[in-house]
Amino acid sequence: MGILVNYNRLVCMILFLPSLCYSNQTIASKATFYETSDGKGGTCGYGNHGNYMNNMRVTAVSSKLYNNGAGCGACYHVTCKEKPVCVSWFNGTCSRVETICSFSGTKLMVTDNREGPVGTDFIIPYTNFGSLAVHPGVAYYVYAKGVVDVNYRRVSCTNNNNGIINLALEVDEHTNYPAYIAFVPITYQGGLTDILAIEIYEEKCNKWIAMRRAYGAVFDMANPPSGPLKLRIQVTDHDGSITKWVQSKKTIIPSYWKPGTIIQTDIQLS
């Protein structure tokens, strides 16, 4: 049994990108911030849902963690590691030193892809960057650094139901019934599972047809089969060591769909 476990983890290291092989390991990196006028999902395609995902604690990540969109919806616990700074001076001598980083850190959900300075994996909206500070009174010193050292690890996005929630899809605004369908998972993974592929079942031909990852978390298909339709998704396991298909037990894509429709499914992922 021990040999099998080691073999599976070796396969994970060989076949999958490092961002898919997650564990409780803490990784050193850097974080910076960017100005933004809204939180509308960024390149993941979450649209207005980006305004309230994870209680608005969202972030952009490097291409390494974004992983061509498979990293959308992932949650990370990010902790600032900067040293204490001098906050008061007297006669040219530091008279008071304060800790500026929060030891408890903050949980952030991936909704966007951006590139920061070399070695920076988290490019956080300006309004969220201050959550790395131990309290608002010293947030200024965190912002002033521009780029801070952090540790991060992959975590679940939810503490409810043992991290298991139902997959929900929103029909994308560019959908054109019946010639083109596109949708984005808006609640699905608890933050610990990456969706690699989605397929729709063609009942007339008795086969599964692959959808295309259009961008981010958005999947689409031209000339889809007429509904109602079953759906299945390919996901990584919680530690990335294996992949599996999870299938709906009943038809979940209705016969008629329009932009903005929320589709609740019976697919559950931990």
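For all residues, glycine too, the Cβ spot is worked out from N, Cα and C.
Feature annotations, courtesy of TrEMBL:
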type: SIGNAL; residues: 1-23; note: signal peptide
type: DOMAIN; residues: 41-162; note: domain 'Expansin-like EG45'
type: DOMAIN; residues: 180-265; note: domain 'Expansin-like CBD'
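Averaged across the domain 'Expansin-like EG45' (41-162), the predicted model reaches a pLDDT of 91. Secondary structure by DSSP for the domain 'Expansin-like CBD' (180-265): 0 helix, 46 strand, 40 coil.
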